[in-house]
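Annotated features, as they stand in Swiss-Prot:
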- 1-5: topological domain 'Cytoplasmic' (TOPO_DOM)
- 6-26: transmembrane segment (TRANSMEM)
- 27-90: topological domain 'Extracellular' (TOPO_DOM)
- 91-111: transmembrane segment (TRANSMEM)
- 112-148: topological domain 'Cytoplasmic' (TOPO_DOM)
- 149-169: transmembrane segment (TRANSMEM)
- 170-364: topological domain 'Extracellular' (TOPO_DOM)
- 365-385: transmembrane segment (TRANSMEM)
- 386-416: topological domain 'Cytoplasmic' (TOPO_DOM)
- 417-437: transmembrane segment (TRANSMEM)
- 438-456: topological domain 'Extracellular' (TOPO_DOM)
- 457-477: transmembrane segment (TRANSMEM)
- 478-508: topological domain 'Cytoplasmic' (TOPO_DOM)
- 509-529: transmembrane segment (TRANSMEM)
- 530-572: topological domain 'Extracellular' (TOPO_DOM)
- 573-593: transmembrane segment (TRANSMEM)
- 594-614: topological domain 'Cytoplasmic' (TOPO_DOM)
- 615-635: transmembrane segment (TRANSMEM)
- 638-658: transmembrane segment (TRANSMEM)
- 659-723: topological domain 'Cytoplasmic' (TOPO_DOM)
Amino acid sequence: MEFASFLVSLGTSAIIFVVLMFLFTWLSRRPGNVPVYYPNRILKGMDPWEGSSLTRNPFAWIREAFTSTEQDVVKLSGVDTAVYFVFQSTVLGIFALSALLLLPTLLPIAATDNNLETSRSATDTTSNGTFSQLDNLSMANITKSSSRLWAFLGAVYWVSVVTYFMLWKAYKHVAALRAQALMTSEEVLPEQFAILVRDIPSPPNGETQKEFVDSYFRDIYPETFYRSLVVTENSKINKIWEDLEGYKKKLARAEAAFAATSNRPTNKTGLLGLVGERVDSIDYYTKLINESVAKLEAEQRTVLAERQQTAAVVFFTDRVTAALAAQSLHCQMVDKWTVTEAPEPRQLIWENLKIKFFSRIVRQYVIYFLVAITILFYMIPIAFVSAITTLANLQKALPFLKPIVDIAFIRTILESYLPQIALIVFLAMLPKFLMFLSKSEGIPSQSHAIRATSGKYFYFSVLNVFIGVTLAGSLFENLKALEEKPNSFITLLATSLPKSATFFLTYVALKFFVGYGLELSRIIPLIIFHLKKKYLCKTEAEVKEAWYPGDLSYATRVPSDMLILTITFCYSVIAPLILVFGVIYFGLGWLILRNQALKVYVPSYESYGRMWPHIHTRILAALFLFQLVMFGYLGVKIFVWAILLVPLIFISLIFGYVCRQKFYGGFEHTALEVACRELKQRPDLEEVFRAYIPHSLSTHKGDDHQFKGAMSRYQDYAAISAA
């Protein structure tokens with residue numbers, strides 16, 4: 001990439017961000033856009049501008065985000081969101097502290113050497129030999145075996161020590177935050193009074209599954225056992241319930257149309273309403289609702305009597321017993337009576353609960369194999385696209401484009417954006433597929449599935465994006481050498497890293513300027529909302545569904561941040577300027593997403609920080625990769641003292657082990673000292689029980705309105721997000 005292309009990419013991205021920020025300031029003040037920019041506050045019954053004012057200052061939202069406290073985030077968006085901001089601030093601190101030392105020391109050391117002047121090797125530059133302005137500020141300009149390399153080795157130690165310090169501090173903080181939130185919750189949390197039991201053996205003759213479960217736990221916990229809810233096969237009844245809810249929506253639309261026009265609407269009864277007999281919509285859907293209610297009630301009786309599965313949710317009268325039971329071994333055989341903490345009612349993946357113990361293990365390894373195969377096969381198109389999107393390779397692969405590419409303006413635009421956009425498009429195709437694979441493992445809860453998906457996406461990103469793109473840029477020119485000497489892979493990776501630096505600099509800049517600009521302005525959700533409201537929505541419920549914002553999407557957001565983290569780590573010493581981009585990315589991310597968490601996004605679940613051990617492990621994995629990369633690159637530079645990085649690699653492994661042993665237990669289970677704290681309100685155990693009843697098995701009788709608390713918390717929002 002030429003220097004002009006880099007400046008064009010950086011400048012246009014910055015201009016786009018500024019335009020989107022001012023657009024956000026203008027659009028967010030318009031009353032008609034309030035549901036798009038303040039849905040979190042609306043759903044909580046707050047005034048959209050509570051705690052702020054309708055000032056014309058375009059930077060007022062920045063002050064609000066900075067002055068908000070962690071407890072404000074917990075109150076409005078949950079503990080998981082607060083933990084995500086601990087992640088953002090921790091990484092920001094790592095890069096800021098690293099930059100304070102690395103920028104003023106490494107840049108002058110690199111700039112005053114002359115390796116690139118004496119030997120202009122194409123494999124030892126940050127931009128294929130054309131970007132000399134930045135080459136001179138990187139390790140590429142350091143002469144092999146030079147004593148200056150001591151500074152770069154010391155920088156690896158500095159970055160590592162800063163990371164250890166910040167991660168230890170963050171782990172302690174998150175552990176305390178989780179415990180405090182569980183102890184001081186103002187609401188009764190149904191999951192704290194329940195456990196999830198799987199792999200239930202066949203009941204003795206003459207006993208039902210429910211009687212068997214009740215007798216088993218009543219014998220073990222005679223004073224605190226309350227009751228059980230046996231999991232049932234609900235696929236058929238769920239279909240009936242979904243049809244019923246669909247008919248109710250269509251009836252509401254028909255009634256709204258009748259109220260607006262005084263003409264009774266009609267529709268055809270055939271395929272997609274395009275063929276068949278034309279009928280009165282109100283009468284037709286009323287009839288279908290009555291028929292579906294009758295079917296639902298009949299199917300409920302059948303399901304409860306005949307379709308009980310080998311899993312159950314067991315309830316206790318106090319939290320301590322539930323926490324103790326979740327940590328205890330109930331059967332000598334590991335594949336019988338498997339007990340874990342119960343997830344939130346809205347989190348349960350009901351169809352996975354019946355999957356047997358050994359089946360879950362087999363599924364897990366099969367999924368791991370499928371993910372590995374997917375990574376390998378996905379690397380082919382990513383490597384190919386990354387290779388041909390460098391202009392030199394693009395002209396080789398598609399010679400007829402040469403006259404177009406030679407035009408200066410087009411060349412600059414293509415070099416600025418083509419490779420990065422191609423990469424972003426390829427990555428956008430993955431999340432749903434990886435979520436499907438994660439759920440196929442037999443995972444019981446939504447939050448656990450999201451953590452599993454995030455882990456897969458992280459390794460996919462590192463292997464395909466970081467390593468794949470790094471090698472792909474020199475794929476055509478080094479493929480023959482790799483065939484002749486397969487053992488030269490590590491050397492090829494190490495020598496390819498510097499010349500991919502400018503690609504990743506541009507990629508990070510595109511992500512934080514354009515990505516966060518679109519996030520703040522919410523242009524796309526705004527357009528979709530107004531189009532739906534104008535042309536599709538007929539009822540208030542449909543309008544509410546149109547602006548419902550969803551959550552922060554941790555399954556994709558955390559791995560995307562981890563990719564930037566990995567890139568910044570691995571280039572922090574090779575090309576220290578990337579630290580500036582890393583600081584801007586996580587600084588802007590903290591600021592903009594803080595605003596979104598306080599005003600926009602609504603959490604779809606609450607795991608009280610269980611994402612943190614996953615985040616901590618991936619940060620350490622990125623640090624470990626950074627240390628390996630620097631060991632390899634110092635070796636390429638023929639610096640014999642690179643061997644001094646070997647102890648650092650083992651220190652990282654030991655640090656990870658110590659953190660897991662000290663902190664992880666408090667995230668895997670609820671500590672008894674936390675569970676024993678007295679609640680502010682007395683729990684209604686019947687409400688706790690009913691919170692776990694699936695929608696399709698809930699009664700449709702007139703007394704449903706009395707169940708608030710747990711039922712309203714877990715079912716109302718779930719109904720909106722599922723619609």
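For all residues, glycine too, the Cβ spot is worked out from N, Cα and C.
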_For the transmembrane segment (6-26): best-contacting stretch of 91-111, 149-169, 365-385, 509-529, 615-635, by Cβ pairs under 8 Å_ = 509-529
*Decide whether the stretches the transmembrane segment (638-658) and the transmembrane segment (365-385) have at least 3 CB pairs under 8 angstroms, with pairs required to be 6 or more apart in sequence.*
no
*asked:* So if I exclude everything within five residues of the ends of the topological domain 'Extracellular' (530-572), which remaining residues of that chain have a CB under 8 angstroms from its CBs? That is, six or more out.
replied: 35-36, 39-40, 80-81, 84, 87-88, 91, 95, 98, 102, 155, 159, 249, 252-253, 256-257, 431, 434-435, 450, 453-454, 457-458, 460-462, 465-466, 497, 501, 504, 507-508, 511, 578-579, 581-582, 585-586, 589, 593, 596-597, 600-605, 611, 614-615, 618-619, 622-623, 625-626, 629, 720-721, 723
_Within-chain partners of the topological domain 'Extracellular' (438-456) [C-beta distance under 8 Å, separation at least 6 from its ends]_ = 80, 196, 198, 340, 343-344, 346-349, 352-353, 355, 359-360, 363-364, 367, 371, 431, 554-556, 558-559, 604-605, 607, 610-611, 614, 618
*Using DSSP, tally how many residues of the topological domain 'Extracellular' (27-90) sit in helix, strand and coil.*
41 helix, 0 strand, 23 coil
